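Asks: For reference, TrEMBL lists these features for the protein:
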type     : residues  : note
TRANSMEM : A:39-57   : transmembrane segment
TRANSMEM : A:77-99   : transmembrane segment
TRANSMEM : A:120-149 : transmembrane segment
TRANSMEM : A:161-186 : transmembrane segment
TRANSMEM : A:193-211 : transmembrane segment
TRANSMEM : A:237-261 : transmembrane segment
Amino acid sequence: MSSISGSPATGAKTRGGPSRLGSSIAFEWTKLTSVRSTWWNVTISSVVTIALGLLLGGSMKASADNGYDVAMPAPHVAFQSLIAAQFLVMVMATLFIASEYTSGSIKTTLQSVPVRARMLFGKVAVIAAIGLVIGVVQSTIGTAAIALLAGDYSSFTATELSLTILGSAVDFALLGITALGLATAFRSATGTIIATVGLFGLPRIVPIFNIEWLTDFSQYFPTEAGTVLGLQTTAPYGWSTATLVLLAWAATALTAGYAVLHIRDA
Amino acid sequence: MIVLADLTKRYGEKTAVDHLSFQIQPGVVTGFLGPNGAGKSSTMRMILGLDRPTAGTVEIAGRPYRDIAYPLRTIGALLDPRTGHPGQSARSHLLGMARSNRLPSSRVDHVLGAVGLAEVARKRIGSFSLGMGQRLGIASALLGDPQIVMLDEPVNGLDPDGVVWIRKLMRSLAAEGRTVFVSSHLMSEMQETADHLIVIGRGALIADAPIDQVIAQSTRNSVKVRSPQTASLREALERAGMTVTTLEDSELQVTAGNLDQVGAIAFSIGAQVDELAFHRPSLEQAYLELTADSLEYDAILPRPTGT
Ligand SMILES: Nc1ncnc2c1ncn2[C@@H]1O[C@H](COP(=O)(O)OP(=O)(O)OP(=O)(O)O)[C@@H](O)[C@H]1O
Ligand SMILES: [Mg+2]
């Protein structure tokens, strides 16, 4: 039996607060990127975005050629087609923690990073970064796919494009964090995904009931706020309120997740 | 060193760990024994800060687990053969752990080699057999080259080579001055590996002593004596307060007495002694005796059916 201390265990790097946080982020990054389902998720949502973009672009061109007025800036059309991509980012964030409870690897995680807040922050940082990147990439490829087929009928300005890219990035990152917080609280993928479907679907269903306060409230659901950012609309509120609304959802979900993490046994 | 003070854990109504206080010393292998459901795994989860104690404290090298900046460098543990995400490769699982505690990636390759998983390092953990999973768990425990190693039923699922390997590993870790704390249900294995034993039953401490002492305290330590005059010898031994059972026509088993005493009594009554031997019980016998009263899940024997 060879001794276990064959190579030095301690690196030469200095210790300290920020580096502990950094190592927890590196840990979570390694986990997320070394699991195949992450890459499937990214691939599927890109394929869906491109396919939807081509479909929308093609039908815009066909309608416009037939004399209908369907002209709309490509980035805005693209954002509306990103609903599947948004949902998949939330699924990714959900599985990021829920699968740790299913597989039992949460024990390894908390053994490695025992401070709950630091562990959760590591995951938040990784999901935020991934969400930002996916938001940028998806809105860009969606715009390109639409512009490719719709041509002049989807002309847009550089400002429109940059604002939609920025809005998507912020939207995706904060949606991801919201799902992460919910999944940390629920500890189950099924429960969290049902809640996510509710967050997406309720604003569409609620107006049917014609209850005024409920309809008002549903305007503050994350997808509605995300749409304000993606399309740069001013109703029902502007971009600053929309950002605050998304931040509030993310903060609430994270607080719930942290509370459960703090109180319950692993 | 691990120090438990008055450690208690209740899950709802169920008291899994009941005011446990003991210390686990470096330089020796400490075996952690107890019937199913005695609270061994619960105790270990609290040591690692995974479960929150209802009362009491645990300190590892003087600090609670959560206060250790890079805990894998201080204490390595195997709790469950299911370590890691099934979709991850063994190597990326360990690499993640290494990054979390700022360990160089050379440690990953080193421990993979040490547990014999180098060839399957890039295979998905989900495809591993129980024994391979167990080896990966041991690799995770050794990753940070820790001074304290804690293993919950490490030989579970290992082949005979693996069992021998684990035994040697634990012995060599202890010989290097590390703290080794290991639970097991395999008494013969423990007898060969452990120096010190902690025995619990229903969450409470039953014994905390060197293994030799645990065995020596057993009432099953006995003297076997063979003689043609068993009847008179038996009477004389019983008069001296010893418990005697007749094994065969010419053989007696004597407890609560030692060789000298039995020999002297035989001599005093002029009995011929053909054989006189000391019988030392196995750890298993001593253990069964210790825990007889605290079995959590006692076997239910079939009742005779009557009409
Ligand atoms: N998370 C939990 N929730 C409820 N009860 C639990 C929990 N974990 C353990 N228990 C109970 O606590 C008791 C101790 O269980 P534990 O797993 O610690 O025993 P053990 O000594 O490791 O047993 P074994 O030898 O079978 O592994 C058992 O009665 C078990 O049912
Ligand atoms: Mg157990």
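From the backbone N, Cα and C atoms, a Cβ is placed for every residue, glycine too.
Describe the structural surroundings of these features, if you would.
Replies: Counting same-chain residues at least six beyond the ends of the transmembrane segment (A:39-57), those with a Cβ under 8 angstroms from any Cβ of the stretch are 74, 77-78, 81-82, 84-85, 88-89, 91-92, 134, 137-138, 141-150, 154.
Sequence-distant contacts of the transmembrane segment (A:77-99), counting only residues of its own chain at least 6 positions beyond either end whose CB sits under 8 Å from a CB of the stretch, comprise 28, 31-32, 35, 37-38, 41, 44-46, 48-49, 52-53, 56-57, 60, 105-106, 123, 126-127, 130-131, 134-135, 138-139, 142-143, 145-146, 150, 154, 164, 167-168, 171-172, 175-180, 182-184, 186-189, 192-193, 196, 200, 223, 226-227, 230-231.
Sequence-distant contacts of the transmembrane segment (A:120-149) (same chain, six or more residues past either end, CB-CB distance under 8 Å): 21, 24-25, 27-29, 32, 42, 45-46, 49-50, 52-54, 56-58, 60-61, 74-75, 77-79, 81-82, 85, 89, 92-93, 96-97, 113, 156, 161, 164-165, 167-177, 180, 184, 230, 254, 257-258, 261.
Beyond the transmembrane segment (A:161-186), the same-chain residues lying 6 or more positions past its ends with a Cβ under 8 Å from any Cβ of the stretch are 73-76, 78-79, 82, 85-86, 89-98, 120, 123-124, 127-136, 138-140, 143, 192, 195-196, 199, 222, 225-226, 228-232, 239, 243, 246-247, 249-250, 252-261.
Packing against the transmembrane segment (A:237-261) from elsewhere in the chain are residues 116-117, 119-120, 124, 167, 170-171, 174-175, 177-185, 187, 219-220, 222, 224-226, 228-229: each is 6 or more residues past its ends and has a CB under 8 Å from a CB in it.
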